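Undergrad: According to TrEMBL, the protein carries these features:
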type	residues	note
DOMAIN	33-197	domain 'FAD-binding PCMH-type'
ACT_SITE	Arg176	active site
ACT_SITE	Ser226	active site, proton donor
ACT_SITE	Glu296	active site
Amino acid sequence: MSDDKLYEALKLSLPSDKIRRNESLDKYTHTKTGGKADYLVLPNTYEEASAVTALAYETGVPLTMLGNGSNLIIRDGGIRGIVLHFNRLSNITVQGNTITAQSGAPIIDVSRTALNRTLTGMEFACGIPGSVGGALVMNAGAYGGEVAHVLVNATLLTKDGEIITLDNNELELSYRSSIISKKDYIVLEAVFGLEPGQYYAIKAKMDELTYLRESKQPLEFPSCGSVFKRPPNHFAGKLIQDSGLQKARIGGAEVSGKHAGFIVNVDRATATDYLSLINHIQLTVKEKFDVDLHTEVKIIGED
């Protein structure tokens, strides 16, 4: 399908002010890097999201889901086809002990909502910078808690635009993995089941976790969060540090001096800088310790 025909087809699915052509994606990622999207689409409703998804499926146009961009690197060549961004689908509602959150809502906001309603179980998410959708896709977790512990069910879009609901056990949630990415589903909303708690106890736990995060992580610089998955019987940051790579730098990307598991953007880094440094780290750690480091950060787009 030609570029102009795709644009006209998109305008049949949603208003033109929700469609952006050749949109730079660096402003949508926490690393402040990334090329352009052919089309960035910003739906306001599930029906609009479903229509765009079905259009992509029927025409064979590539479709990419973009969440909060917190654990993501978009290559400098950008993304072809359609990029769906759910920042306008971010409502959070509470009923009894359950919280329902749309995909584009920050998972931190879900944690804060739980606090305000004196519901316990979401404290672990008080410092996770991603969206609800992204948190489900990778079963995000921190400090002993994870999405799998509190998720009741999720409403999803299939590749052909059908809306389905899967329960927790059907989502195959495991360490930084789920069926969502394996099946190319798109998260529309999630339901979290929590327990009644005491406000000050919940807040004290969140304050403790926030202190730990701020004291150990380089929040003063743009980054994609934890770059590597935890290898069996090791810690990625410790391996990187023991390899002498702390403060190693390529272009504007640098291994954090505060936490070696993070790569920070210290001076107008490009995605290529990030990827080159990631590759250098993997090769060095493999050579020194014979351990393979696998990326936790999602890497998409063209070179």
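Here the Cβ of each residue, glycine as well, is placed from N, Cα and C on the backbone.
Bear in mind that TrEMBL entries carry predicted annotations, made automatically and left uncurated.
Note that the structure is predicted; figures quoted are calculated from it, not measured.
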Undergrad: Which secondary structure state does DSSP assign to Ser226 (active site, proton donor), in the simple three-class scheme?
TA: strand
Undergrad: Using C-alpha atoms only, work out the spacing between Glu296 (active site) and Ser226 (active site, proton donor) and round it to an integer in Å.
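TA: For Glu296 (active site) versus Ser226 (active site, proton donor), the Cα atoms are 7 Å apart.
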Undergrad: Given Ser226 (active site, proton donor) and Arg176 (active site), what distance in Å do their CA atoms have, once rounded to a whole number?
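TA: For Ser226 (active site, proton donor) versus Arg176 (active site), the Cα atoms are 12 Å apart.
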Undergrad: Tell me which residues of the chain lie with their Cβ under 8 angstroms from that of Arg176 (active site), as long as they are six or more apart in sequence?
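TA: Expected: Met138, Asn139, Ala140, Lys229, Glu296.
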Undergrad: Taking every residue in the domain 'FAD-binding PCMH-type' (33-197), what is their average pLDDT?
TA: 96
